[in-house]
Amino acid sequence: MDEARAPAKHAVADVLIPVAVDQTYSYAIPSGLQLEPGDFVEVPLGARKTFGVVWGISPAAGGKLKSIEARLDFPPLPSKLREFLDWVAAWTLAPRGMVLRMAAHAAVEAGAEPVRIGLRATGAAPKRLTEARRRALAALPPDLAPSKAELARQAGVSPSVIDALIDDGALEPVALGPERAAEIPCPDFCRAELSDDQAKAAEILRAAACENLFKPILLEGVTGSGKTEVYFEAVAETLARGGQVLILMPEIALTSQFRDRFAKRFGVAPAEWHSELTPRRRARVWRAAADGAAQVIAGARSALFLPFKTLRLIIVDEEHEAAYKQEEGVIYHARDMAVVRARQEQCAVVLASATPSIETRENARQGRYGYIRLESRYAGRQMPVLKAIDLRQHGAARGKWISPPLVEALKRNLEQGEQSLLFLNRRGYAPLTLCRACGHKFECPNCSASLVEHRFRRALVCHHCGHVERRPDICPACGQAETLSACGPGVERLAEEAAELLPEARLLMLSSDMPGGTERMRAELQAIADHKFDLVIGTQLVAKGHNFPYLTLVGVVDADIGLSNGDPRAAERTFQLLNQVAGRAGRGEKPGRALLQTWQPEHPVLRALLSGDFERFYAEETATRRLARLPPFGRLAGVVVSGSDRNATEVFARALARAACLPAENAGWSVAPPGELPGEADIAVYGPAEAPIAMVRGKYRFRLLIKAPRKANIQAFLRAMRGRGPKPTKDLKISIDVDPQSFL
Ligand SMILES: Nc1ncnc2c1ncn2[C@@H]1O[C@H](COP(=O)(O)OP(=O)(O)OP(=O)(O)O)[C@@H](O)[C@H]1O
Ligand SMILES: [Zn+2]
């Protein structure tokens, strides 16, 4: 610890509390209590008590302060983590208390670890030895102390037999430590034979992991090139040196394949961190990160805020994934923050992807990040062949979505005993339901969005707020029967069509909204890998990261779906997603191919995918961004004002925009006057405009878009705007999103 010991008497602790407030609160430290920055404490807050973390300690300044109630028995937050939390709050403009909450809540929420009691033999003989008692004593393992229930189960006796043995003095209870949160991985458990390219890449990563210096590296490798095997070598090196590793993954709850591969390489599964863990389990992993017992943690984005003792390596797998952006509460991008955390910890960070984001690519090109490429698939396997099906010439029949050439290909693949995947990134049966008689559309009462029909659940569902209603038999507007019509396809409808076309195929539809949750999906993904299905129909859930060795044909039902949504990253996203999906094909013995149904095969994204000329795509897309001064060549921030009264919300948003445009003295930035073309160094404020999804959960939404030059301090600008604009109320809220990924 580099911080000085706190003076014992009458000092003041500045405590950060996990609520939506930026400042610390000052509390008197009662005499006799030793505190240091990072310590967890219990403090009074209004009428209640809460936990907080000591952020600083200063000499007493007079005045009456409330006292700290107690020091809590949790490992203190390390100083580097506290600095990181401050940094994240400053960058995202989120209140520091909320950022602390992400880092500390798990430690506290589960309450104290229950004391576990085990039993061991005292050596004394029981007064009476019945057959059941003999069995119980014989079942007692020599070096473990099982619980009463465990022992009773193992011996096949009732718990009262065990009680009797305790009363007799033959067994005695002993207190056990908490359950282990993590197994110890072995760096040399089973090394993979690496190809030459892989070995070269692994060597660079290993070297970086040894340096104890901030070192970001982009590991770009085509789908199936074995990026995982390669970064495992850096993990092994870090383990051998006693460091901890964090592996971030976009869909950790679904990656049982990853867990198995890790176990094959290192002998045990990694500790996991995601939202589906129980609070108790989370608390244990949290503690194990803090005391170093968890050497490798594989987790979702929030694992970034764990209190690692000696973090030496961070891996961000599928670094381009939009799932790394948290869109609620503290709005942050876990990939970007991972790089920041690595800088704070002075360690290596590996960003792995087959289709890196433009931002990361550009950082690599400019030499800010190291850059490694794997150009081919492992073991000489071929990349899938991509072909377009031009829907202008080969459209599907009316009310159908699978074109004749795709039908043909699916049939042939089935005959050959091979597995196919139909990909459509749309959940449910149909995205729109309307009345053919009167034109009535079913819309969400809380959001400006159509209700999506989910035929399986017999419901109309809003994908924005979760509103559910029964699909009626008669039109609520005109009262006619049998006039309601499903428009457009979702995966459920596609599955129906596929089942008609290929009645003999073993068919699986996979979608995140089916009953059974994660457990079921894990099992189904495994069943696909084991070739228990001939045809899989799914959303992006099946498209990413999985290894399906029997899959040889991917049919993309609507390759154009993401191209026209007005998002500046639309082209990049579509390119990444389609490449990922196609990359599921041909990973086993047999070569694979992907057929992309499209209305615009000449679109640059499709051209790049079909020709395999990724360099050209990156070059063109990067040039477009540079010209438009979009990220990474400029900065963006989205500001959403929401409220339950449309007019009041708009008025508020206008006032906020005016405040943003006020000239500021010595601020270090200049704002383009409203309505005028921004100059080279100006920050521009666009809007307010009604958001594309104008209402969500009953709140009207207006958006401002702030566009700033790369060098501008956009945070300072946003802070000034917030400081000078109208103040939010209980109803009218401002949400700031620095570097937005979503423009809805
Ligand atoms: N050196 C190796 N030895 C044995 N198997 C390997 C090796 N390298 C890769 N593989 C196998 O090749 C397959 C693809 O590897 P991996 O999943 O790591 O690729 P990837 O680059 O992460 O692909 P994607 O980007 O599509 O997720 C896996 O089944 C993996 O086990
Ligand atoms: Zn809704």
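Just so you know, glycine gets a Cβ as well, placed from its N, Cα and C.
Secondary structure from DSSP puts Cys438 (Zn(2+) 1 binding site) in coil. If you look up TrEMBL, you'll see Cys435, Cys438, Cys475, Cys478 marked as Zn(2+) 1 binding site.
Cβ contacts within 10 Å of Cys462 (Zn(2+) 2 binding site), excluding its own Cβ and spanning all protein chains shown: 21. Under the heading Zn(2+) 2 binding site, TrEMBL lists Cys444, Cys447, Cys462, Cys465.
Here TrEMBL flags 208-374 as domain 'Helicase ATP-binding'.
Highlighted here would be the binding-site residues (Cys435, Cys438, Cys478) whose C-beta falls below 6 Å from ligand 2, but none qualifies. Taking CA atoms as the reference points, Cys478 (Zn(2+) 1 binding site) and Cys444 (Zn(2+) 2 binding site) are 18 Å apart. Between the CA atoms of Cys475 (Zn(2+) 1 binding site) and Cys444 (Zn(2+) 2 binding site) there is a gap of 15 Å. Here the binding-site residues are Cys435, Cys465, Cys478; the one with the fewest Cβ atoms within 10 Å of its Cβ is Cys478. Between Cys438 (Zn(2+) 1 binding site) and Cys444 (Zn(2+) 2 binding site), the C-alpha separation comes to 18 Å. Cα spacing between Cys462 (Zn(2+) 2 binding site) and Cys435 (Zn(2+) 1 binding site): 18 Å, rounded to the nearest whole number.
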